[in-house]
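Take a look at the structure below.
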Amino acid sequence: MLHITNSLTRTKEEFVPLSPGRVRMYVCGMTVYDLCHLGHARVFVVFDMVTRWLRASGYAVEYVRNITDIDDKIIKRAHENKETPAALTERFIAEMHEDERALGVLPPDHEPRATAYVAQMLALIAQLVDRGLAYAAPNADVYYSVRGFPAYGRLSGKSLDELRAGERVEVDPNKRDPMDFVLWKAAKPGEPAWESPWGQGRPGWHIECSAMSAELLGQHFDIHGGGQDLQFPHHENEIAQSEGAHGCTFVNYWLHNGFVRVDNEKMSKSLGNFFTIREVLQKYDAEIVRFFILRAHYRSPLNYSDAHLDDARGALTRLYTALKGAPAAGPVDWDAPAAARFRGAMDDDFNTPEAIAVLFELAAEANRGDTGAAQTLRNLGAVIGLLQRDASDFLQAGTSEAGLDASEIEARIAARQAARKARDFAESDRIRDELAAAGIVLEDGPGGTTWRRQ
């Protein structure tokens, strides 16, 4: 039975979907004005893993992950680039999809763009105004009145007074309370704008997700996820908007993945330790990056460093080494002891570190000649989107530390075999040592010599 740590209650709870056998899940996606970074990679991979596990558990999952394609940052970047916001966002949506494919992330069932749902946002804002939970300000912005929603702060675990004291909120004469947040922004010259009952303008960020999730999943659904940085204010504000407008529970289970840190420091452009997915993939195979993300529990901080990625590469290499000659993945026999342990780990709040430990147990058995263990390793890896390549393809991918590609390595192996045939063992050993220094491991067997990268 699956148990999930619910950020709303701060406890681990048994997962019971609203409709038996069906799960509806919404995850906050990208604001598309730049290339995706490591924090985005973690969101992509974590909720891909969650979706895969729910489906492996027999649920029909409807997974929605939105795209924010209108935002202050988008408008600013488009102006700097002398292009339209639409052209900018279209380009970075394509780049995002390329990154996801590289990381083995399955596409969501729905990927709504905010600009396609402005009518729904306007209807939701009108409901909030009618209920006395929102007001038009003198500057033609529309704000949510947090005083009107007594449960505000429930997700954060803080009262409104505590939130006011803890947040550095600029005094705005248009707001009735410093914590009030914008639902509709009045139009500014040169910015995209839509007609509304309050004049031309565009939606605020928070209302976008409330409107899109209600339109695609209904007013009350099972799981809402995203990065820990969105818990406040974004997700807190979503609850206030959605429950304030609809008068019912918004979401049953809130899931938040932990922060990504770089060498134990917060990742930021100002510190010069900010990495895009593209930059990381220039140094490391994409499956290594996915494996690195899944080795950590999704709620824990993830500390990025070259040393940790190198360690992940070595660990994944050990798993693939055990898969030499293994056939493609097939159905999992969940009654098998290893598979049952894997299920137990995943059902315990998606505990991927424990699940991956089971994979290493299977690899050890496979290395002792247990072909059934190798097949189970392959099958269980598939459940979380790992270990599906031909083992030799993974083990020989890329270039060596000395810059050797596969054809150059094969040529040196052929030269070594010629030296051995001529009984020139000194030359044979020299070539082996040279390749070892370049990070290439040779394995001599009855069928000849095979190789892999360390």
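Cβ coordinates come from backbone N, Cα and C, glycine included.
Feature annotation from Swiss-Prot assigns Zn(2+) binding site to C28, C209, H234, E238. Around the Cβ of H234 (Zn(2+) binding site), the same chain contributes C28, W205, H206, C209, G226, each under 8 angstroms and 6 or more positions distant in sequence. DSSP gives H234 (Zn(2+) binding site) a helix state.
For 30-40, the entry in Swiss-Prot reads motif ''HIGH' region'. Sequence-distant contacts of the motif ''HIGH' region' (30-40) (same chain, at least 6 residues past either end, Cβ-Cβ under 8 Å): 67-69, 71, 73-74, 76-78, 88-89, 92-93, 95-96, 99, 227, 229, 259-260, 262, 267, 274-278, 280, 304.
Residues or ranges marked as motif ''KMSKS' region' by Swiss-Prot: 266-270.
Residues annotated as ATP binding site in Swiss-Prot: K269.
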Three-state composition of the motif ''HIGH' region' (30-40), taking helix and strand from DSSP: 3 helix, 2 strand, 6 coil
Mind telling me which of the binding-site residues C28, C209 has the densest Cβ neighbourhood, counting other Cβ atoms within 10 Å? C209
Would you mind giving the whole-number mean pLDDT across the motif ''KMSKS' region' (266-270)? 72
Same-chain residues six or more away whose CB lies under 8 A from the CB of E238 (Zn(2+) binding site)? H206, C209, S210, S213, H224, F250
Excluding C28, C209, H234, E238 themselves, the Zn(2+) site's Cβ centre has within 8 Å the residues W205, H206, E208, S210, H224, G226, L230, H235, N237
